[in-house]
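Colleague: There's a structure below that I have some questions on.
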Amino acid sequence: MEKTCIDALPLTMNSSEKQEIVCIFGTGDFGRSLGLKMLQCGYSIVFGSRNPQKNNLLPNGAEVLSYSEAAKKSDIIIIAIHREHYDFLTELTEVLNGKILVDISNNLKINQYPESNAEYLAQLVPGAHVVKAFNTISAWALQSGALDASRQVFVCGNDSKAKQRVMDIVRNLGLTPMDQGSLTAAKEIEKYPLQLFPMWRFPFYLSAVLCIFLFFYCVIRDVIYPYVYEKKDNTFRMAISIPNRVFPITALTLLALVYLPGVIAAILQLYRGTKYRRFPDWLDHWMLCRKQLGLLALGFAFLHVLYTLVIPIRYYVRWRSGNLTVTQAILKKENPFSTSSAWLSDSYVALGILGFFLFVLLGITSLPSVSNAVNWREFRFVQSKLGYLTLILCTAHTLVYGGKRFLSPSNLKWYLPAAYVLGLIIPCTVLVIKFVLIMPCVDNTLTRIRQGWERNSKH
Amino acid sequence: MEKTCIDALPLTMNSSEKQEIVCIFGTGDFGRSLGLKMLQCGYSIVFGSRNPQKNNLLPNGAEVLSYSEAAKKSDIIIIAIHREHYDFLTELTEVLNGKILVDISNNLKINQYPESNAEYLAQLVPGAHVVKAFNTISAWALQSGALDASRQVFVCGNDSKAKQRVMDIVRNLGLTPMDQGSLTAAKEIEKYPLQLFPMWRFPFYLSAVLCIFLFFYCVIRDVIYPYVYEKKDNTFRMAISIPNRVFPITALTLLALVYLPGVIAAILQLYRGTKYRRFPDWLDHWMLCRKQLGLLALGFAFLHVLYTLVIPIRYYVRWRSGNLTVTQAILKKENPFSTSSAWLSDSYVALGILGFFLFVLLGITSLPSVSNAVNWREFRFVQSKLGYLTLILCTAHTLVYGGKRFLSPSNLKWYLPAAYVLGLIIPCTVLVIKFVLIMPCVDNTLTRIRQGWERNSKH
Amino acid sequence: MEKTCIDALPLTMNSSEKQEIVCIFGTGDFGRSLGLKMLQCGYSIVFGSRNPQKNNLLPNGAEVLSYSEAAKKSDIIIIAIHREHYDFLTELTEVLNGKILVDISNNLKINQYPESNAEYLAQLVPGAHVVKAFNTISAWALQSGALDASRQVFVCGNDSKAKQRVMDIVRNLGLTPMDQGSLTAAKEIEKYPLQLFPMWRFPFYLSAVLCIFLFFYCVIRDVIYPYVYEKKDNTFRMAISIPNRVFPITALTLLALVYLPGVIAAILQLYRGTKYRRFPDWLDHWMLCRKQLGLLALGFAFLHVLYTLVIPIRYYVRWRSGNLTVTQAILKKENPFSTSSAWLSDSYVALGILGFFLFVLLGITSLPSVSNAVNWREFRFVQSKLGYLTLILCTAHTLVYGGKRFLSPSNLKWYLPAAYVLGLIIPCTVLVIKFVLIMPCVDNTLTRIRQGWERNSKH
């Protein structure tokens, strides 16, 4: 429910309760935006400033005083100052004693300082109750009210009463406070707004490299090769035909890479005979970005579907089939119907559709709100059972597509096999290993290890 | 996790703790539904009524007493009475003193009264702790248990202990309490259930008008014109061909209208040389419904995709291409292959697919649960960077579609250009202005202004 | 925001505050995993064990003592023991007096015991504050950090302070505590992780049965019949043609079954003249799984769309249309254009697209995060108004598809009508009854009943 303070304004005016006074240290942009917003929401604001005289930009209705005077006015003080200038607060320790200091600061880059700004502030002013908040909200969004991004304000602090006070203010500004526990959480909270899809970076680059490689591979086979030998200009294939080879292969490979780390982990555990030794970091990191890999794979699969469905609309396709029919008509011969081809074409299309359907299901269940609504057992069921079924269907789809002309020498150009052959390597490997792993004998050992049993232990 | 009280019932029976007594004033429909539900969840209920005798509809197990007697029985009293009849409570002030009054009332229309019902109640019975709750839940849903809509119960009140008590009850009924802060939030909470997609209204009407206008525009060009000049009956085009012109144009225009206000705002800020002056209201409102505009645009784009993909299935298309081939065959001539046409058709299709793909991505990130999981920086990146890329791709898609025959006089019918030409006006304008705005010189000034700098200030 | 304790570790080290000591009873797998995780998050752990000597698997840094000694060390004790072995705790009652006992146990099957494990524990150790938590988290996920499934930890307990302490620990482990109220909620919390899509079971089996039946029905008409009479091998139709008959019919039937119970309920209420009598259980259960029925229907509709869009790509279709043209060319005759066929084909396709579009909208609004963002009125509007519109469009789509050859005897094979005729039975019934129900006279009575009025009452 969006609570727009513009409506709240008159309300708080005629409401009997006396207005709460909040003090803001610093008259920078964020300080002013926050002050304006709080004024609109019926708070009365006192700004603390180095030189209270020359501040002509402050929202009307706000008072400006020296730091110490301002601090005296209220027991909640928002520190809208960069960490670099915190040190002057040490002179105010006795004034700030027992007050609530709200640290809203952010750094320019992650891990800029050993400890979080909020904890640094707490060390400077031991007497005060430091609460971290508001650092995830942008000043611009606060003013424009365009808070689509996220109304969540992460709040943490060691004094629960102080935290509660701040969370009430957050609510009154129409934002959603999220209690993150003690002040040790400040480190994470300060890291949060600086991130730009950290988990997506590796999967993204990986798929980008895959795409580019496959693109040139196909260009060589489908454009350069025919040009060299038949002087045919196939460049137009680069718009649709070739992407429609690149995307499905990338999708299938990425999907297989989602399940490869799990398989490797199982082998490691079997080999070590215990689950109590950490996996190598690369494996850990890989496992943590499986979701992103899967979603990227889904994206490429989606593109593949669209590229495939537009085939009959393409000029080239219409021209070719048209001419084909014309020549047949001229030669007065109908071409016979081959049931096997019908089976082949229909079944590989059907496999593809079913695979894509399950894939979309997987994607939907990975939506935060959906995955929060299912329990662990259900999630495992969907992600591993349905996930493997998807992988099997998509691999089968590619295999049947290959059909007879699979690895037939006629299909090699400059000794390069068709691209889809490359796309099958990883998926098949994963499926074969997985098949071995679910053999009862292997599976039992693995299950016992995962339940805590250790091979070389006195248990 | 859905907590069905039917299961909870036996549980609370054999549970040692004595049942909590809750009093409900008023035996109307919602009062009874709520009472029944609370009985099922193991509370014991006392109804307060004007005439305790003639109440034969109450759920079994509930006691009925006069208001004052009922009030004495419990320290939580749910006021299931219309605001109009609150005044009788003034006589009970001493009985209600220190008790928790739960205001569950709703009004018939927004802003019916100066102050919210809950605050009105608080004024009537100053001694009581008023808590607003349950007004967003429908009586019918409460009984049938079909609470798919929303299990959220917005709770607000000035006394935090009282609020906590009420929130516990809400939880025990299997609902999710949402603390909205002090009683001043009641105004918003009461407004909430009366709304019907307020943010969607303007975008919806706008797109409706657009569609209708474009529909008739196309009817004139593609149905009436050929009928007048060639006596051809093209009415059947109104089912698919024409909608498939109307939808993409509407989609593109709406998408452009998502980014137009941002551009206008930038110009305004540049012109004013400050960001501390409010935008005109129409611009504010426009900016706040950008998300809805974008989602509507996505809807139309989705329809356009479906309408395009079914083209080869249509009887008319099959008939035409079939006849074309037949005539060619009869004339014994194959039509030559034109690489340029192949390029044109393939590239405009590819552009469309990529544009649509990014568009779907934008739509997914605007899902509440997804946008809550990204931070401000990530959201800005997706919505502005990817958003503009989408706009560029879709505009290019239309331009290439236009291809050579763009604005060629032969294409004018009754001096009316093809519809897609109209569709290009706003997108191109937006892109051109945006291009100017990201020129370093302009961009720097804008950035400084947005960081709080002001042109005509002593800073 | 994902809070990875690996980062938190150094932080908590150099943080001044002394580490909180937590005691864990039981050195089983989950106990160890939880201990390890808590160590990583900067807690110091004491394990309580039957024989503290022989425990060589515990994470380094953790202390192991006898139960009583361990209990003395901390005031929070996590009971990582199966319910079967709780009884030994009775000997420790005086040590555990006033301490917080965290019950993390799960049972093997639902309703294994009369009361929940947490409540059983509370009865065994009356002096302690029992809090239920952590039972929804898997040990493996806790270690690997792969908590995609759900970071939600449901917490309940009668002592709010104890609950708060536990919720803080949950937060510090990077999980999201969900306060579920008093200990009576434990029953539900313990049931939760054992469920596997309980609400989906009935809809799933229902649609499976439907699909299988329709599949064989179509096989008889389209494969066996032509084989018997024309010796034609149509088996390849089983890959796409027949599924593309089965899926739409299943989808339409399921969609109709979403609205049938509402209609039945209305009739029942009209017949009984009251809303205060419970519906029969089968109807209640049916009403509660409407959402699942609808989503399954959407799934089948989605498959139908894909199967339809690939039609022109299929070898069989290309072959047939190609030969058709060839024969025409040989016979030198063009087939004339029939406007009516154009209308028929275009309009039934258009109806289908619009129906599917609305259907997707319904699906999106049923996403938890979306349905939480709309109020009851909006949800009703979407689900009932748009829902019925979808049903009407899809039924019309099927009717127009039937077109003229609807029930024409030539279309009967072995007296079996075409499959789509079967698919129309339930939808049409629902729509007809609904049409009767919204007749003013009937509607008024129904509305009054739903507002609490009763026919045979003194009101």
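In case you wondered, yes, glycine gets a Cβ from its N, Cα and C as well.
Remember, TrEMBL labels are computer predictions, not curated facts.
I grabbed these lines from TrEMBL:
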- B:22-107: domain 'Pyrroline-5-carboxylate reductase catalytic N-terminal' (DOMAIN)
- B:249-394: domain 'Ferric oxidoreductase' (DOMAIN)
- B:204-229: transmembrane segment (TRANSMEM)
- B:249-272: transmembrane segment (TRANSMEM)
- B:293-317: transmembrane segment (TRANSMEM)
- B:348-374: transmembrane segment (TRANSMEM)
- B:386-402: transmembrane segment (TRANSMEM)
- B:414-438: transmembrane segment (TRANSMEM)
Colleague: Same chain, outside the transmembrane segment (B:249-272) by at least 6, Cβ under 8 Å from its Cβ: which residues?
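Modeller: Sequence-distant neighbours of the transmembrane segment (B:249-272): 203, 206-207, 210-211, 214, 279, 283, 286-287, 290, 293-294, 296-301, 304, 359, 384, 387-388, 390-391, 394-395, 398, 419-420, 422-424, 426-427, 429-430, 433-434, 437, 442, 445-446, 449-450.
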Colleague: Who are the long-range neighbours of the transmembrane segment (B:204-229) in its own chain, taking Cβ under 8 Å and residues 6 or more past its ends?
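Modeller: Counting only partners 6 or more residues beyond its ends, the transmembrane segment (B:204-229) has Cβ contacts under 8 Å with 197, 235, 237-238, 241-243, 245-247, 249-250, 253-254, 257, 292-293, 296, 300, 413-414, 416, 418-419, 422.
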Colleague: Report, as numbers and ranges, every residue of the chain located at least six residues beyond the transmembrane segment (B:348-374) whose Cβ falls under 8 Å of a Cβ in that stretch; write 'none' if there are none.
Modeller: 255, 291, 294-295, 297-298, 301-302, 305, 308, 382-383, 386-387, 389-390, 393-394, 396-397, 400-401, 403
Colleague: Pull the DSSP breakdown for the domain 'Pyrroline-5-carboxylate reductase catalytic N-terminal' (B:22-107) and write it out as helix, strand, coil residue counts.
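Modeller: Taking the domain 'Pyrroline-5-carboxylate reductase catalytic N-terminal' (B:22-107) as a whole: 33 helix, 22 strand, 31 coil.
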Colleague: How about long-range neighbours of the transmembrane segment (B:293-317): same chain, 6 or more residues beyond its ends, C-beta under 8 Å?
Modeller: 203-204, 206-207, 236, 240, 243-244, 247-248, 250-252, 254-255, 257-258, 352, 356, 359-360, 362-363, 366, 387, 394
Colleague: Looking only at the domain 'Ferric oxidoreductase' (B:249-394), what is the model's average confidence as pLDDT?
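Modeller: Result for the domain 'Ferric oxidoreductase' (B:249-394): average pLDDT 89.
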Colleague: Run through the domain 'Ferric oxidoreductase' (B:249-394) and tell me, per DSSP, how many residues are helix, strand and coil.
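Modeller: Within the domain 'Ferric oxidoreductase' (B:249-394) the tally stands at 124 helix, 0 strand, 22 coil.
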